[in-house]
Amino acid sequence: MSDNPSSRAGPEVVPTPPPSPAAEAAVTALPAHGHRPPATGSALAKLALGALGVVYGDIGTSPLYALKECFTGHHGVQATPANVLGVLSLVFWAMTFVVTFKYLSFVMRADNRGEGGILALLALVGKHEVRRSGKQLLIILGLFGAALLYGDGVITPAISVLGAVEGLSVAAPALEHWVVPVTVGILALLFFIQRRGTAAVGAVFGPVMLVWFLCIAILGVRGILFDATILQAVLPTHAVAFFARNSWHGFLVLGGVVLVITGGEALYADMGHFGKRPIRFAWLLVAMPALMLNYMGQGAILLHDPQAARNPFYLLVPGWALYPMIAVATAAAIVASQALISGAFSLTRQAVQLGYSPRVTIRHTSSTEIGQIYVPEVNALLGAATIALVLGFKSSSNLAAAYGIAVTGTMAITTLLFHRVARDLWRWPRWRAWPLTLLFLLVDLAFFGANIVKVEEGGWFPLAAAAFVFTLLSTWKRGREGLADLMRGAGLPLDVFLEDIARRKPQRVPGTAVFMTGNTGTVPPVLLHHLKHNKVLHERVVLTSIMSEEIPSVRDAERVTVKELGSGFIQVIARYGFMETPDVPAMFASLPHRKLDGPRIELKPMETTYYLGRETLLPTGPSKMARWRKRLFIIMSRNAQTASAFFGLPPNRVVEMGAQLQL
């Protein structure tokens, strides 16, 4: 119901205030979402198995296409014995340095109350950067890194499933024309079933990936038996000799080598789900040994037969096992794709809660796992873009050119944010922080440089996708800040309003009115409009603010603050982390059972009315945003999920009142 029919066309604005000071202390306070007691024994094994299914799907399916790209890609080298040993040496040391040394040993230590990922890292370091210019640079870098991850979420399902299904052309060349249609069918089904959630099949992800890793390890051992001299590739001298021999061409091959470490960022992003120890355990005990055995096996096949470079993975498989292996590879590719899709959903929720994205529909698909969510808007965009990529690029080799830029760009940005954590939070001296940062950047930028030359061959896609997403995220952030400043400047101080109410004593009616507001120090405009037009107030007025904290989750004991304001007014402040979804009715229902310092509140649903403001925005105000950005912000606002739906308010108990605002 609405008191202003014209308001239906405009966006609702419930301003998101800056994170409260509580976020400062919470970063180093007691553990919440991500921190857990160190897992041991069977618990460690179960978490490690789960990590195999979620964390290592992307990097685990890289053998399908990575080595092939190094020798047959746009910048591939001839599969001579010296080049094979050189490339395999680069593969071994890339995995060892980037994944084991950089991410597992250092980056995973930079957690936001146990949560990892680039937005969690941005939230952590942003509040500790005192210089405005430095903070703006961090935000730009973090947002662009997050934008690149969306591109990764589109490319990974496409290249993984394509790489798996391409085994058909090895098993039966006559089936080659079926590769793209089968891939499109699998991807369409995968995105279609997202709405039902993955709880039913999620339990098999870990076992599927364990079977996959065992299979590729066995295949690798089989290949090594052809020519065990491939094991010499662990010597770094072969990598050095490779660069000396191939010079610039050798540098460009890094664009293919980087494919063996795609998914490295997932180790960090999924840290909050499994913990550091299970992720490290799964990598060192299962994933890395299996991957290295398989890459060495592919290298041995290439030493034995250089013509195998056209598809060294499937040519490592004996003829009788080709079709079963295609099935296992496809299952593994689906698991890898699911992990990236779920990651995009989670990233979107973080962006919404941190104020970088409009409200979107977030549906929980599991009654037991809070992290299992479905975001229809993101699913539709990812699905359409992924299928379009398959139809446009048609092969994993063509897609490989597009893949590396998103991955290496994100890795370089993570390194820069890690440096701020080391300097500002850990108080590392310059002599300790800078050498490590420069070493990480040297490797990251080498990989990025080798990929940036592939812009015309497909690298344009992740850059274009990232630029598009970055524009949306940054526009929304700037628009929300400008809108909050506008409303804060025009707002009536709450204490002045309460003094006026105590003096004028307006007529009161039975029941409770809940007014949603983003600013705890001023009166919600919708309350002023209500009092001006209706001339009455409810017996009890609850001013409710939902605060988004820059931490993954808020401890239950710190969730709600209640304060008696006098004259029948009560202020309720509820805090949520960026991994949580606010539910206002559930929050109110929990109040009678909480130990609070303020007054006891018990709302009767049928006697409670929720009041929301719905503002029509015009791009003609004093904001310093460019006019095109204002128009884009207004379009995004109009298409955002309604505040009543996002906060879980009962539709038949909501009153919306509208006004015009010039941005």
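Every residue number used here counts from 1 along the chain in the order it is shown.
Every residue, even glycine, has its Cβ placed from backbone N, Cα and C.
It should be emphasised that the depicted structure is a prediction, and the values quoted were computed from it without experimental measurement.
Look at Swiss-Prot and you will find 1-23 tagged as region 'Disordered'.
Residues or ranges marked as transmembrane segment in Swiss-Prot (evidence: sequence analysis): 81-101 (among others).
Within its own chain, the transmembrane segment (137-157) is flanked in space by residues 58, 118-119, 121-122, 125-126, 129, 187, 190, 262-263, 265, 269, 333, 336-337, 340-341, 343-344, 347, 351, 356, 382, 385-386, 389, 399, 402-403, 405-407, 409-410, 413-414, 416-417, 420, 461-463, 465-470, 473-474, 477, which lie at least six positions past its ends and keep a Cβ under 8 Å from the stretch. The transmembrane segment annotation in Swiss-Prot covers 137-157 (among others), and the record cites sequence analysis as its basis.
Long-range contacts of the transmembrane segment (173-193) within the same chain: residues 157-158, 161-162, 165-166, 330, 334, 337-338, 341, 379-380, 382-383, 386-387, 390-391, 394-395, each at least 6 residues beyond the stretch ends and with a Cβ under 8 Å from a Cβ of the stretch. Residues annotated as transmembrane segment in Swiss-Prot, with sequence analysis given as evidence: 173-193 (among others).
Residues or ranges marked as transmembrane segment in Swiss-Prot: 201-221 (among others).
Marked as transmembrane segment by Swiss-Prot: 224-244 (among others).
Per Swiss-Prot, the feature transmembrane segment maps to 248-268 (among others).
If you look up Swiss-Prot, you'll see 283-303 (among others) marked as transmembrane segment, on the strength of sequence analysis.
The transmembrane segment feature in Swiss-Prot is assigned to 315-335 (among others); the stated evidence is sequence analysis.
Annotated transmembrane segment per Swiss-Prot: 373-393 (among others), in sequence order.
Under the heading transmembrane segment, Swiss-Prot lists 399-419 (among others).
Per Swiss-Prot, transmembrane segment is recorded for 433-453 (among others), and the stated evidence type is sequence analysis. Only residues 6 or more beyond the boundaries of the transmembrane segment (433-453), in the same chain, are considered here, and those with a CB under 8 A from a CB of the stretch are 75, 97-98, 102, 106, 251-255, 257-258, 401, 404-405, 408-409, 411-412, 415-416, 418-419, 422-423, 459.
Swiss-Prot lists 455-475 (among others) with the feature transmembrane segment.
Taking every recorded stretch in 81-101, 201-221, 224-244, 315-335, 399-419 and counting its Cβ pairs under 8 Å to the transmembrane segment (283-303), the highest total belongs to 201-221.
The transmembrane segment (201-221) makes contact with the transmembrane segment (315-335), as judged by at least three Cβ pairs under 8 Å among residues 6 or more apart in sequence. With pairs at least 6 apart in sequence, the transmembrane segment (248-268) and the transmembrane segment (399-419) have 3 or more Cβ pairs within the 8 Å limit; the two touch.
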